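Per TrEMBL, the features are:
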type: DOMAIN; residues: 34-106; note: domain 'Phosphoribosyl-AMP cyclohydrolase'
type: REGION; residues: 1-115; note: region 'Phosphoribosyl-AMP cyclohydrolase'
type: REGION; residues: 116-203; note: region 'Phosphoribosyl-ATP pyrophosphohydrolase'
Amino acid sequence: MKVTLDNANALDFAKGDGLLPALVQDLATGQIRMQGYMNLAALKQTLEGGLVTFYSRSKDRLWVKGESSNNVLKVASVHTDCDNDSILVLAQPVGPTCHLGTDSCFGDAKPSLAFLAELEAIQGQRLQDAPESSYTAKLAARGINKVAQKVGEEGVEVALAAVAESDEALLNESADLLYHLLLTLRVRGLGLKDVITVLESRH
C-alpha cells in the first residue's frame, strides 16, 4: 500500500511498541541504502517534509537523515507491506548514505542493473566537466545529429555481430550501443527511467 498522510494512521505501530522498521531504497538503482525506525510522528514528517526522517532511539528524538552531513534522502514515495508493520521508502539520495562514506550501509550490495544508473551519472558528469580527453563530451558537443548517427552505426554493428560473430563480439557491440543510446537520451534531456516508464505503460 502506498502511504500518505491520509492513511498513515493505518500502520500497525502498536506491534512494534510504537516503532516500525523502515528500509530506504534508491529510486534510480534499486539499491537498499539503509534501515532505520519510524514512529508515527517521524512517518508524518517524512511525508510532509519530503526528507526521510527517523526516530532516533539513542537521541530520543526525531532525526532527519543527513541533518548534519547534508547527505539527505529525498522522498519519492512511501509504502507499507501487506501486514502494515514495516515501511519502504523510495528515495533520491544526495551523496553517500552511510556514515562510513559509502553509498549504502550494506556495503557494495546492489542489483547488477544499478550500474546503468551509475553510467548515466558518469555521462552527466563528463558532459558537465567537459574535459578535453573525454570522448563522451566531444561527441555530445558535436550535436544530436552526430550522437544519433553513432547510435545507428552501433545498431548495425550489433545486428552484424548477432548474425556472424562470437558471443563476446555481440556483447561488446551491445555495450557500445547501450552506451550511445544512453548518451542520446541525455542529450535530449531524457533518461533510462523515461524509457522504463514507456515500457511499463505497455505491459
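Cβ atoms here come from the backbone N, Cα and C positions, even for glycine.
Keep in mind that TrEMBL annotations are predicted by a computer and have not been checked by a curator.
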Check your understanding: Any idea what the model's mean pLDDT is for the region 'Phosphoribosyl-ATP pyrophosphohydrolase' (116-203)?
Key -> 94
Revision key, fill the gap. For the domain 'Phosphoribosyl-AMP cyclohydrolase' (34-106), the DSSP helix/strand/coil residue counts are 10 helix, 29 strand, 34 coil
Practice item. Using DSSP, tally how many residues of the region 'Phosphoribosyl-ATP pyrophosphohydrolase' (116-203) sit in helix, strand and coil. Key: 74 helix, 0 strand, 14 coil
